[in-house]
Amino acid sequence: MQRITLTRPDDWHLHLRDGEQLATVLPHTATVFGRAIIMPNLKPPVTTVDQAAAYRERILAALPAGAHFEPLMTLYLTDNTPPAEIEKAAASGFVHAVKLYPAGATTNSDAGVTDLARCEETLAAMAERGLPLCVHGEVTRDEVDIFDREAHFIDEVLDPLVQRHSRLRVVFEHITTQAAVDYLRQAPDRVGATLTVQHLMANRNHMLVGGVRPHYYCLPILKRERDRQALVEAATSGHPRFFLGTDSAPHPKGAKESACGCAGVYSAHAALPFYAEIFEAAGALDRLEGFASHHGADFYGLPRNRDSVTLERAATPIPEAFPMGDDTLVPFRAGGEVAWRVV
């Protein structure tokens, strides 16, 4: 197969940042994807509907000419988010989810939730109003090994949460383990999961063997090869609760290549071609449209996009870096190739 045409896809987990970074990365997504769930972990975080509205306007103002892209905004959950803010979010028409960052779990998560018990009334309001909770699924206790954080989160936080709030819709974002796949398969229909390019294409050996490769460093961290294989099987299975979420996360090159580098992989420059490569290798190109264009919209209760995009099988070079303000942005598979391109 040399060409495939899909319903225009959506990205259900995206970091756009702000300012010069926003201006650099937004065109990569907006020219291919119809919509994206926009992460709220700015500095300061987007914790109110008014802040989300202002951020949305900055995104719309930065769109390239001719782009028809809708940013789906989120709120950053804190220990003190009031139920009234959830009511306002649900009525806004542009806030589509609330994001749970356990405090200290990833980039700009210091203001995150320290104890989910403090959020029970807020979570109940979300369940009542049908506003999904997107979760970064890791515990952050010092005694838990970084490679085990996700499994602990399932047992200690996610499953009890799902059982306590029987109507709450939950998106288990950027899953990385066989344990997460197994959990999703037996979870209620109101629990979905996103899968990233890097977790489907790479394991921890890519990051650590033969030298540390900081541009593979992300959170949740890359896992074992058997976990990667389980993720590929899940993504390509056609299961309706696994869907595309890149977690594309830009950082300046200098912030990645340092003694204490930032977590995040930038994949938006070729996200859909990367997923096509993954699905082709699995013999499942016929299921790419469901994963990329249908499942996420269906889970969020939004209409599927009405237009389409076409991919062509053609080896396409990837730049070593993109200019970004006074620094540069190193993309996933920098200096290499991807087997598909959007035409």
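Positions of Cβ are set from backbone N, Cα and C atoms, glycine also.
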One of H28, H136, H215, H239 listed by Swiss-Prot as binding Zn(2+) 2 at the site of K99, H174: H136
Additional site residue, D189, D227, D247, D286 [criterion: listed by Swiss-Prot with H13, H15, K99 for Zn(2+) 1]: D247
Going by the substrate site in Swiss-Prot, where H15, L16, R17, N41, H136, H251, A263 are listed, which of the candidates L75, L77, L219 is also part of it? L219
In the structure shown, with every protein chain counted, which of the binding-site residues L16, L219, A263 has the densest set of Cβ atoms within 10 angstroms of its Cβ? L16
Out of the binding-site residues listed (H15, K99, H136, A263), which are within 10 Å of D247 (active site), Cα to Cα? H15
Nearest by CA distance to H251 (substrate binding site): which of the binding-site residues is it, out of H13, H15, K99, H174? H15
Listed in sequence order, the binding-site residues within 10 angstroms (C-alpha to C-alpha) of H15 (Zn(2+) 1 binding site) out of N41, H136, H174, L219, A263 are N41
Just to confirm: which same-chain residues, 6+ apart in sequence, have a Cβ under 8 Å from the Cβ of H13 (Zn(2+) 1 binding site)? A36, I37, M39, C134, E173, H174, T194, T196, G245, T246, D247
